[in-house]
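Only one structure is covered here, and it is reproduced in the block below.
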Amino acid sequence: MSKYDIIVLGSGPGGYVAAIRASQLGLKTAVIEKESLGGVCLNWGCIPTKALLKSAQVFQYLNHAEDYGLRADNPDKDFTAVVKRSRNIAEGMSKGVEFLMKKNKIDVIMGHGTLKKGKKISVKDDKGKTTDYEADHIIIATGAHSRELPSLPQDGKKVIGYRKAMTLEKQPESMIVVGSGAIGSEFASFYSDMGTKVTLVEFQSNIVPLEDEEVSKQFERIYKKKGIKVMTNSSVESVDTSGKKVKATVKTKKGEEIIEADVVLSAVGIKTHIENIGLEAVGIKTDKDKITVNDFYQTNVPGYYAIGDVTPGPALAHVASAEGILCVEKIAGEKVEALDYGNIPGCTYSNPEIASVGMTEKQAKEAGYEIKVGKFPFSASGKASASGAKDGFVKVIFDAKYGEWLGCHMIGAGVTDMIAEAVLGRKLETTGHEVLKTVHPHPTMSEAVMEATADAYGEVIHL
Ligand SMILES: Cc1cc2nc3c(=O)[nH]c(=O)nc-3n(C[C@H](O)[C@H](O)[C@H](O)COP(=O)(O)OP(=O)(O)OC[C@H]3O[C@@H](n4cnc5c(N)ncnc54)[C@H](O)[C@@H]3O)c2cc1C
Ligand SMILES: NC(=O)c1ccc[n+]([C@@H]2O[C@H](COP(=O)([O-])OP(=O)(O)OC[C@H]3O[C@@H](n4cnc5c(N)ncnc54)[C@H](O)[C@@H]3O)[C@@H](O)[C@H]2O)c1
């Protein structure tokens, strides 16, 4: 039986990053994967969706060429080619992980892994052959898939999940998107910008309900302006797929409404891969669909660890990777600190983009802080005007007493790249005064962070 220092079950951004860090630290490492290297993120999540969104953005630029003094008469699209581009990019990224595994001398074992007692895993390959492997430490990084609601069973044709939504053979004329988290909002944006008539149904009172309320409201205004029908405080109770179109019964505060569309996308969250991986046989504890771990990702059974979507905390690629690195460094005896889950950025790559970190205004008030809030709209930014991207704003929240940067919330073009400033500032425990006195390059969208901070302190220049 092959023996390793570390075996990682699952090769998503949690698993493959953990394996590379383990190899860097001199540990003999293997990764087990049943599908494609790179997991959901590279193959069915972060990367292919961003490729689709980029195509939609280019299409929008072409449609609005005249705004820039240019002509692109009757711009057209080839939906199949758009999907193909996205799939090719995902495939290339997965090959990149294969290269990284080789470069770092990590063994890749393809097949379905099942945990066994005594720090062993048995792997069944696609020919049905089973082989057992052993390690001193086993890291579970098996991720998640689309959650199915009983009222919204996915048939893969008229009611679909995210995988099908990024590989449809034909662009639907109309689509109902159920759920306005990151998945629902990104697909609503992509399909709407490509010309599909989109209805977005959200159970909560705001779309992107985890964001600061002002961001959610602005997002809703922009989505409505794009032509998306936004239905909040609403849920799809049932779907009738017997006809050519899907008929969805939507329960709203005012009663029931029947909406017809070519397809319904269910984007109501995820279900973790904790079944059929041997957790029960080993005695590993779970709670509410997640594997229970401590600050360093150790499960209740010594030698078994869990990271990424399969554990509590935000289900994000950068979180999975950070957890993987920390878990391995702790195993290797490095001096490490637990991850600060209060300083994790969240980004939605829709048009407009949303990015945030830290507390919302409501959360800061509820936590008892006396706060200073500043806001700077992109309509007052020179770079935004030059770019034709005046929709959106930056909002900052500081503790009035000590100047601690409690939260930063952005909506608009390119903000997903801008949020890192606030994440780093908060990590380095900067103050509002220091942000205000940090010279930002002109003209950039990032000046809005400095100006929003100046607004919080009554010193804003361009408003
Ligand atoms: C449409 C979509 C868009 C997203 N966009 C973003 C984004 O822009 N930014 C962001 O931060 N996050 C995004 N996410 C979330 C992100 O993809 C996940 O948080 C991330 O992939 C989790 O990483 P992971 O390593 O925990 O698991 P995964 O990436 O899910 O990988 C788990 C791997 O384990 C394998 N596996 C499972 N069970 C077994 C087994 N028994 N044996 C062998 N292999 C097994 C699976 O095949 C899979 O490859 C998106 C998700 C979706 C669905
Ligand atoms: N850009 C990104 O970082 C990105 C992109 C996609 C996915 N992800 C991650 O993947 C995970 C899954 O994403 P998601 O958007 O599916 O989940 P989510 O939990 O973020 O959002 C689901 C939304 O569906 C709503 N909802 C639930 N049941 C409903 C119902 N019956 N009717 C109407 N609305 C209903 C919820 O209120 C919620 O707003 C999340 O953790 C997300 O962070 C991240």
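In case you wondered, yes, glycine gets a Cβ from its N, Cα and C as well.
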Per TrEMBL, member of GLU202, GLU211, GLU213, GLU214 binding NAD(+) alongside GLY179, SER180, GLY181, ALA182, ILE183, GLY184, SER185, GLU186, GLY269: GLU202
As recorded in TrEMBL, which of CYS41, CYS327 forms the disulphide with CYS46: CYS41
Sequence-ordered recorded positions from CYS41, CYS46, GLY179 with Cβ under 6 Å of an atom of ligand 1: CYS41, CYS46
Candidate with the highest Cβ count within 10 Å, taken from the recorded positions LYS50, HIS442: LYS50
Pairwise Cα distance maximum in Å, NAD(+)-binding residues per record: GLY179, SER180, GLY181, ALA182, ILE183, GLY184, SER185, GLU186, GLU202, GLY269: 14
Residue from CYS41, SER185, GLU202 whose C-alpha is spatially nearest that of HIS442 (active site, proton acceptor), among the recorded positions: SER185
Distance in Å spanning the most remote Cα pair of LYS50, GLY113, ASP309, given for FAD: 30
